[in-house]
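As recorded in Swiss-Prot, the features of this protein are as follows:
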type	residues	note
TRANSIT	1-41	transit peptide
MOD_RES	Lys179	N6-acetyllysine
MOD_RES	Lys182	N6-succinyllysine
MOD_RES	Lys182	N6-acetyllysine
BINDING	Thr263, Ser264, Gly265, Thr266, Thr267, Gly268, Ser269, Pro270, Lys271, Asp493, Arg508, Lys599	ATP binding site
MOD_RES	Lys340	N6-acetyllysine
MOD_RES	Lys398	N6-acetyllysine
MOD_RES	Lys478	N6-succinyllysine
MOD_RES	Lys510	N6-acetyllysine
MOD_RES	Lys544	N6-succinyllysine
MOD_RES	Lys544	N6-acetyllysine
MOD_RES	Lys570	N6-succinyllysine
MOD_RES	Lys570	N6-acetyllysine
MOD_RES	Lys599	N6-succinyllysine
Amino acid sequence: MAVYVGMLRLGRLCAGSSGVLGARAALSRSWQEARLQGVRFLSSREVDRMVSTPIGGLSYVQGCTKKHLNSKTVGQCLETTAQRVPEREALVVLHEDVRLTFAQLKEEVDKAASGLLSIGLCKGDRLGMWGPNSYAWVLMQLATAQAGIILVSVNPAYQAMELEYVLKKVGCKALVFPKQFKTQQYYNVLKQICPEVENAQPGALKSQRLPDLTTVISVDAPLPGTLLLDEVVAAGSTRQHLDQLQYNQQFLSCHDPINIQFTSGTTGSPKGATLSHYNIVNNSNILGERLKLHEKTPEQLRMILPNPLYHCLGSVAGTMMCLMYGATLILASPIFNGKKALEAISRERGTFLYGTPTMFVDILNQPDFSSYDISTMCGGVIAGSPAPPELIRAIINKINMKDLVVAYGTTENSPVTFAHFPEDTVEQKAESVGRIMPHTEARIMNMEAGTLAKLNTPGELCIRGYCVMLGYWGEPQKTEEAVDQDKWYWTGDVATMNEQGFCKIVGRSKDMIIRGGENIYPAELEDFFHTHPKVQEVQVVGVKDDRMGEEICACIRLKDGEETTVEEIKAFCKGKISHFKIPKYIVFVTNYPLTISGKIQKFKLREQMERHLNL
């Protein structure tokens, strides 16, 4: 047997749906294309081991395909784990004083799933979960999957117009939320676009602006026109409804859509990336394998998750990965709080910690950081946006996370496609986002020539494999723009790949600055500015300029207590970077515009700077 790199394809049948771009079977690239691209044949022996390094000097790599992918649904995975480790702690929600074993969680999920069906929801209906991290969020994530209902992850910070947009976009039939969190009055926000809810019969809502929405469920307070979540769960507790749920399981497929994750909106209007059981189960399972969770003892499987569950990293690498490996998921607070994360590590003997770079910066900067017992920590995941090398080193050394893994992915890819191995060196973790994940292909394309880029040459990163979404819900044209005929997803990220297969994200193709014909990648300059001893964080954007087209603007956040000047920063650049890369504008800031998941919205930052500079 002989196959070539690029021909190992994973065919998958995706359930047809009115919102998804038809059936998605992964297609093989022709052997002629492979030869034209300089890709050589592999022996069967090579196929059996990990194929994680580029061949022929070109930026293409394929992950290991030795182990089979998992064809179970989320519900089947929960059942397997509950049978294997029934008495192990599954979920701890510190701010709600919730503790459940896997057996208890399975029982509650079954009742909630049965309850959702009992109130008239059906397989394929969309249910929006709108709120901060909570027990109810985890319950709805798993119960919808068990019932065949598609969970719509709604940003908890959304206001009326944003909420209306996403509910209409996917045709939500049900919406679940708490009454209030901090200043966010969820019920009152809904009333702005759905005033009919106040006088509606619970479960029989008829709304002019939201014609698909019939059922509103309140998590924690009786509200006019709504059902209480406890009532829904109680309704599903009868033997009749539980038997019906069991009967319905035979009609669920791992290729059914399970979750609509709206992209973060860092570049414009959010799009509803639609993911299947197959996407989510396998991505979480493969990431756990990369983290070597199968080698850990129960005491070493205690995951602190400060990331929002509405985001793909939280729901897949958090909830689902813990479910797959029998790990304990610990929610420290409703939204990220650095102090609460440290308290959770200390109190719950946490071993793994997730976070974005911004979250880790805040954790490290806690005034009483040294007072917490973090001796049980051993690893974790940092993802969401590029992390400077100095931050990686600080996390490993100060938080005791020697097995830290830098992960890269996109919502459209379920999400993780690149990650380090725990044993990779600090330098490798500081300078790249790791190596390709199993059952995943990556290539970097020369954006001008449309061919495979040579190694160590920037180009647009493309991904193919089981992990690619079913499509953007209700937007076939945007799906076609993102996923080409050969099933490659074009990420929009500019990246390089070295001889060992390590990938480095250079920036967004839309973020690339073109100054007088010179291509400038913000990530390169951001890495450089992080070497300045007074700089805490920096973001580089392009701002409009009549003469040069664009000029460089560095938005710098200084370390606490530090002071410097524009002149000193520019002097620091001279002789170290090319003259055309020295920013024309240096602006000192105290914060950046962020999505709720902690990603920096560069398009908003660019707009702010252009206003600030009167451009």
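If you go along the chain as it appears here, the first residue is 1 and each next one adds 1.
Every residue, even glycine, has its Cβ placed from backbone N, Cα and C.
Ranked by Cα separation from Lys340 (N6-acetyllysine), the recorded positions Lys179, Lys182, Thr263 are led by Lys182.
Here the Cα atom of Lys544 (N6-succinyllysine) is found 26 Å from that of Thr263 (ATP binding site). According to its DSSP assignment, Lys271 (ATP binding site) is coil. Most buried of the recorded positions Lys179, Lys271, Lys340, Lys599, judged by other Cβ atoms within 10 Å, is Lys271.
When the alpha carbons of Thr263 (ATP binding site) and Lys398 (N6-acetyllysine) are compared, the span between them is 32 angstrom.
In this structure, the CA atom of Lys179 (N6-acetyllysine) is 26 Å away from the CA atom of Lys271 (ATP binding site). Neighbour list (Lys478 (N6-succinyllysine), Cβ cut-off 8 Å, at least 6 residues apart, same chain): Lys271, Tyr472.
Each of the recorded positions Lys182, Arg508, Lys510, Lys544 was assessed for Cβ neighbours inside 10 Å, and the highest tally belongs to Arg508. In this structure, Lys398 is the one among the recorded positions Thr263, Lys398 with the smallest number of other Cβ atoms inside 10 Å of its Cβ.
When the Cα of Lys398 (N6-acetyllysine) is compared against those of the recorded positions Lys182, Arg508, Lys510, Lys570, Lys599, the shortest separation belongs to Lys599.
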